[in-house]
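Read the structure below first, then the notes.
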Amino acid sequence: MSLVHCFYEKVADLVIAKPAGVLLVMALLFLASFTVIGNLSMDSGSDIILAADDPSMIWYNTYTDDYSLEKVVLLYINAPQPLDYTLLHDLLIMEREFSRIPGVIGTQTAADAILAAHGGTLPKTNAEITTVFQRLPKSDQESLVPDSLHMLGMITARGDPSALLSPIQTIIDSAVLPPGVTIEVSGTDAFNDQMLDNMTTEIVVLILGAFALMFVGLFVLFDSVRYRLLPLVFVLTALVYLFGILGVLRIPMNIGAIGAFPVLLGLGIDYAVQFQSRLNDELLISPLPVAIRTTICNTGYAVLNAMIATALGFIVLFITPLPILTGFTQTAIIGIICAYGVTLFGFPALAILMDYKPKVMVSGGFNLFDTYNQFLSKMALHIARRPFVLLVLVMMLAGVGMVIDDQIPIDTSENSMVPPDMPAKVVMDKVTAMLGSQTPVELLITAPDVTSLDVIRWMDRYGNFIQDVYPDKILGVSGISSLIKQYNNGIIPYSQTELNQVMAVIPAHEKRQYLDGITSGLLELQTVDLTSQESSDMRKVILDTLGWVETPPGLTVRTTGDFEINAITLDYIVYYKPLMTALAFLMIFLFLIVAYRHIVAVAPLFPIICVVGWNAVVMWVFSIDYTFITASLGAITIGVSSEYTILMMERYLEEKETSPDPQTAIQNGVQKIGASVTVSGLVTAFGFSALLLSSFPIISNFGIMTVIAVVFSLLGAIIIMPAVLSIMGRLEEWVIHRRS
């Protein structure tokens with residue numbers, strides 16, 4: 001007896017001898033998990049996009065530490081008359097209230113600009129206000145009052161700006177403003193704060209949605225057993241264990257981890273359905289202790305192999321530097337291990353204590369499951385007799401999918417991740433529509449002295465050059481070079497002495513925007529709103545053309561900021577997407593060979609290849625883009641679909657021990673397990689369907705494709721596996737015949 005089978009025999013001995021003790025330990029672990037759930041935390045912002053040790057992220061943090069010491073809260077003001085005296089007067093009062101909030105170091109609206117341009121007093125009439133405002137620089141006019149119905153303002157703060165959002169909103173809510181005037185808050189920190197709130201709500205919605213849908217699925221589809229809702233108990237227990245483990249290990253959750261919850265719940269319900277279906281079947285021919293032992297030893301081992309294959313499909317996501325994917329992976333893997341362990345120990349123990357009885361169908365009556373099994377049996381036999389035509393057709397369709405997969409666009413933009421109706425996003429979209437992209441291309445420049453004349457001239461020349469390369473995408477360039485030209489009649493000084501004199505005139509707070517000491521400088525390219533692909537392409541062009549404008553000795557340039565994060569993540573997804581799929585195939589192939597050491601072990605790979613290819617066809621036909629999570633769809637699909645094919649193969653091998661003829665073994669195996677696999681697959685799909693309830697496009701998009709993948713996986717297990725097993729059986733017989 002192998003060590004694995006010995007282990008399951010020991011589990012069976014333990015559960016049969018001490019079922020109450022097993023459940024008591026599980027109950028204590030359940031209660032203990034609640035004590036550490038408070039340790040759970042959420043990640044958002046750039047922390048969920050790129051790993052902290054990635055070079056681009058390291059430079060991004062350097063950039064934010066050196067140049068983003070001050071945080072900005074954006075005020076989006078809707079006003080019928082932006083330059084109305086009453087409104088400007090009320091805004092000045094409100095700004096004084098803002099300045100009393102600890103951490104606020106400044107405020108800026110059109111009222112401040114007009115006040116400064118009018119000698120520190122506010123003109124008394126709207127006509128005077130308009131006249132003073134029109135004397136401001138054109139760029140200031142456009143940034144403060146972009147059109148006749150809107151005004152923009154900002155609050156500058158230091159420290160933790162998220163702590164300021166609540167008092168800022170309180171002041172806005174209590175402010176007395178003219179009729180028709182409303183103020184909305186946005187900015188990076190407001191955006192992240194609302195993201196965290198939405199993510200917390202999302203966890204509750206997705207978990208409750210998954211349980212509700214699985215309840216419906218079990219109630220409608222799992223009529224062949226008693227206590228059809230019992231699997232929900234074990235899935236709930238596994239979920240609490242998962243939260244406890246995440247709390248103990250202090251693993252933060254992100255949007256990827258949230259997307260994993262319905263997936264692990266769907267897989268967990270699948271495991272429980274497999275155990276309960278097998279126990280019900282065994283009880284029809286054996287007493288309870290024997291049925292328990294057979295279920296633990298046979299189904300326990302089969303589901304273990306399926307779970308390991310699923311985990312191997314998930315685990316390849318760890319090769320990426322994308323925390324969204326690694327967050328999904330670690331949550332899903334821990335979750336399915338919890339679900340398997342709870343079902344393996346908890347279900348048999350509870351069945352013994354409640355003296356579980358099988359559901360016996362009334363003879364002579366209509367039995368949907370028996371009818372369905374008979375249908376599957378006949379279909380499997382028909383397929384097993386003529387497998388080649390079917391395999392050629394499905395593999396051709398899969399091949400088409402593999403070819404067109406690279407043509408499917410990848411969307412890593414904010415729009416693919418964030419709820420479209422999130423207030424901070426709505427405001428940012430409005431501002432972007434008015435002023436262009438609010439995420440400029442940041443070029444971080446390092447040199448022995450970035451204030452030297454050679455470096456300043458290079459900045460000016462390169463800024464002009466890159467604008468000529470992208471005249472329709474780059475709206476302007478700002479940096480210390482543009483600031484020097486602003487204070488020197490529009491030209492770069494001709495000597496270092498003259499340059500030093502101009503630098504001495506520029507206020508320190510203005511220079512600080514673009515300089516950090518004398519060794520680091522910033523050049524900003526203001527752009528239109530760029531797609532993910534446009535950002536990636538522009539980044540490559542910038543890095544490739546830096547040397548086209550002769551650089552001074554010791555000068556280095558790196559793209560950074562949000563632009564760099566958006567661009568590099570797209571490049572990573574393009575690189576890692578096929579690699580994850582190929583590696584998942586390889587790992588599952590090696591696992592099957594090691595686990596079964598049999599020629600039939602490669603059989604599950606054929607349906608899996610088909611499912612991966614079919615997914616690509618569906619995405620291409622329905623114009624579904626890849627996102628951060630669906631970029632890993634190939635690997636995840638391989639993990640999920642391998643379960644059903646492995647379960648089908650396990651039952652085939654079990655039947656082959658008593659029915660050496662491959663076609664008979666296929667027919668009997670499909671007849672006995674086809675209905676339970678279908679039920680567990682559909683209930684799993686019900687659980688996955690909860691992802692469609694998400695307000696986050698990245699999660700709902702993933703939900704659509706995972707549900708489709710589960711349905712395809714069922715088709716692969718029920719239709720394609722008999723064809724593959726038939727060919728494998730014939731090949732095995734031929735090999736045996738040749739040897740004899």
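Glycine is treated like the rest: Cβ placed from N, Cα and C.
Where the annotation comes from TrEMBL, it is an automatic prediction and has not been curated.
Small disclaimer: the values here were computed from a predicted structure and weren't measured.
Within the chain carrying the transmembrane segment (20-40), a Cβ under 8 angstroms from the stretch's Cβ atoms is held by residues 14, 237, 240-241, 243-248, 250, 252-253, 342, 345-346, 349-350, 353, all 6 or more beyond its ends. What TrEMBL records for 20-40 (among others) is transmembrane segment.
The annotation transmembrane segment is assigned in TrEMBL to 203-222 (among others). Long-range neighbours of the transmembrane segment (203-222) within the same chain, counting only residues 6 or more positions beyond its ends whose Cβ lies under 8 Å from a Cβ of the stretch, are 228-229, 231-232, 235-236, 239, 253, 258, 261-262, 265-266, 269, 273, 679, 682-683, 685-687, 689-691, 693-694, 699.
Away from its own ends, the transmembrane segment (229-249) comes close to residues 26, 29-30, 32-34, 36-40, 207, 211, 214-215, 218-219, 222, 261, 264-265, 268-269, 272-273, 276, 331, 334-335, 338-339, 341-343, 346-347, 350, 683 of its chain (Cβ-Cβ under 8 Å, at least six residues beyond either end). According to TrEMBL, the transmembrane segment annotation covers 229-249 (among others).
Residues annotated as domain 'SSD' in TrEMBL: 237-353 (among others).
Counting residues 6+ beyond its ends, the transmembrane segment (302-325) has Cβ neighbours under 8 Å at 4, 43, 47-51, 53-54, 254-256, 267, 271, 274-275, 332-333, 336-337, 340, 343-344, 569, 572-573, 576, 579-580, 583-584, 587-588, 591-592, 595, 604, 628-629, 631-632, 635-640, 642-644, 646-647, 650-651 in the same chain. Among the features that TrEMBL reports, transmembrane segment is placed at 302-325 (among others).
Sequence annotations record features per position, and here TrEMBL assigns transmembrane segment to 331-353 (among others).
TrEMBL lists 388-404 (among others) with the feature transmembrane segment. Long-range contacts of the transmembrane segment (388-404) within the same chain: residues 606, 609-617, 620, 719-720, 723-724, 727, each at least 6 residues beyond the stretch ends and with a Cβ under 8 Å from a Cβ of the stretch.
The domain 'SSD' annotation in TrEMBL covers 564-727 (among others).
According to TrEMBL, the feature transmembrane segment maps to 575-595 (among others). Through the fold, the transmembrane segment (575-595) approaches residues 305, 308-309, 312-313, 315-317, 319-320, 322, 405, 410, 601-602, 604-605, 608-609, 612, 626, 631-632, 634-635, 638-639, 642, 646 of its own chain, all at least 6 residues removed from its boundaries and within a Cβ separation under 8 Å.
Tertiary proximity for the transmembrane segment (602-622) is limited to same-chain residues at least six positions away from its ends with a CB under 8 Å from its CB atoms, namely 309, 391, 394-395, 397-402, 404-405, 407-408, 581, 585, 588-589, 592-593, 630, 633-634, 637-638, 641-642, 645-646, 649, 705, 708-709, 712-713, 716-717, 720-721, 724-725, 728. Per TrEMBL, the feature transmembrane segment maps to 602-622 (among others).
Taken from TrEMBL, the feature transmembrane segment covers 628-647 (among others). Note on the transmembrane segment (628-647): residues 256, 259, 263, 267, 270, 274, 302-303, 305-307, 309-314, 316-317, 320, 322, 324-325, 328, 410, 412, 416-417, 569, 573, 576-578, 580-581, 583-585, 588, 592, 603-604, 607-608, 611-612, 615, 619, 673, 677, 681, 698-699, 701-702, 705-706, 709-710, 712-714, 716-717, 721 of its chain, located 6 or more positions outside it, place their CB under 8 angstroms from a CB of the stretch.
Look at TrEMBL and you will find 673-696 (among others) tagged as transmembrane segment.
Marked as transmembrane segment by TrEMBL: 702-729 (among others).
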For the transmembrane segment (702-729), the distant same-chain contacts (Cβ-Cβ under 8 Å, at least six residues beyond its ends) come to 259, 262-263, 266, 376, 379-381, 383-385, 387-388, 390-391, 394, 599-600, 602-604, 606-608, 610-611, 614-615, 618-619, 624, 627, 629-630, 633, 636-637, 640-641, 643-645, 647-649, 652, 662-663, 665-666, 670, 674, 677-678, 681-682, 684-685, 688-692, 694
For the domain 'SSD' (237-353), the DSSP residue counts stand at 105 helix, 1 strand, 11 coil
Taken over the domain 'SSD' (237-353), the predicted model's pLDDT averages 91
